[in-house]
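One structure below.
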Amino acid sequence: MSHSSATSQAGYTSSATGTDTRKTASQRFAQISNYLLVRVVPALMMITLLVGLWEIICSRPDSNLPSASQVIEETIYLIENPFYDNGGTDVGMGWQILASLKRVAVGYTLAVIAGVALGILVGQSLWAMRGLDPIFQVLRTVPPLAWLPLSLAGFQDSHPSAIFVIFITSIWPIIINTSVGVRNIPMDYRNVARVIQLPGWQYFYKIMLPAAAPYIFSGLRIGVGLSWLAIVAAEMLVGGVGIGFFIWDAWNSSRISDIILALIYVGLVGFALDRLVALVGHLVTRGTSSG
């Protein structure tokens, strides 16, 4: 009798487990379907509409720009061979983008380190804010390419000059957002730290950084977009391997289809960089930063 009861109980447990598994799978499928319906399908529909309009408008005989089908036809080699290397600057789009990303990585990293440090200083010190904030507000309005002649004169080399342009372009939103985040730390947090006599380094790691992190990552997202924008513009003037120089060289050679393909890649890489920083910010701040 007990053996029969145990067998029945085991069968019931197995059935319940199978039902739960099916429910979980069904819920996951519903979540994926809802995500595709809300996020992916509208984007695909809009892209299809834009490409269709592009094809119709630019297929006319009097059009000065190539149609979508013509761009694909003329750039199919670049699309299929992103990492070819014929020496010099004659390399695939993959190498061009990687060269630009290397410069962005160096310049942006320096901007993050300096920007967060200066932002904390300005946010913590009233004297620093009064002394430095007007300078920051003036310098941040200078267009990125306006710094390029000065950097070329100072470094006498195009590579560090391009990195400097990235740095000086992307640092301002990082400084400003970090300082705002530090100034907006709730007074209750400050009072608790004062009451329990929290050491300075513990206050920095346990209160200041977590409280200011959403603001910091907002600045980082703006900064990474500006850094990508700056390097593409700077490379058009400094030359060498890079997506910006590729666009300028294609223009000089009247390869309009190559320019359009490069612009699409620039947009996709910029979007990916923004999403990457947003994802890191979401993980670090546990969902409190905008993403």
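Even glycines carry a Cβ here, placed using N, Cα and C.
As the structure is a computational prediction, the values presented were derived from the model and not from experiment.
Feature annotation from TrEMBL assigns transmembrane segment to 36-57, 105-123, 161-182, 203-222, 228-248, 260-284. For 97-277, the entry in TrEMBL reads domain 'ABC transmembrane type-1'.
Put simply, of 161-182, 203-222, 228-248, the stretch with the most CB pairs closer than 8 A to the transmembrane segment (105-123) is 161-182.
Remark: the transmembrane segment (161-182) contacts the transmembrane segment (203-222), by the rule of 3 or more CB pairs under 8 A. Contact count against the transmembrane segment (203-222) (Cβ pairs under 8 Å) is highest for 260-284, out of 36-57, 228-248, 260-284.
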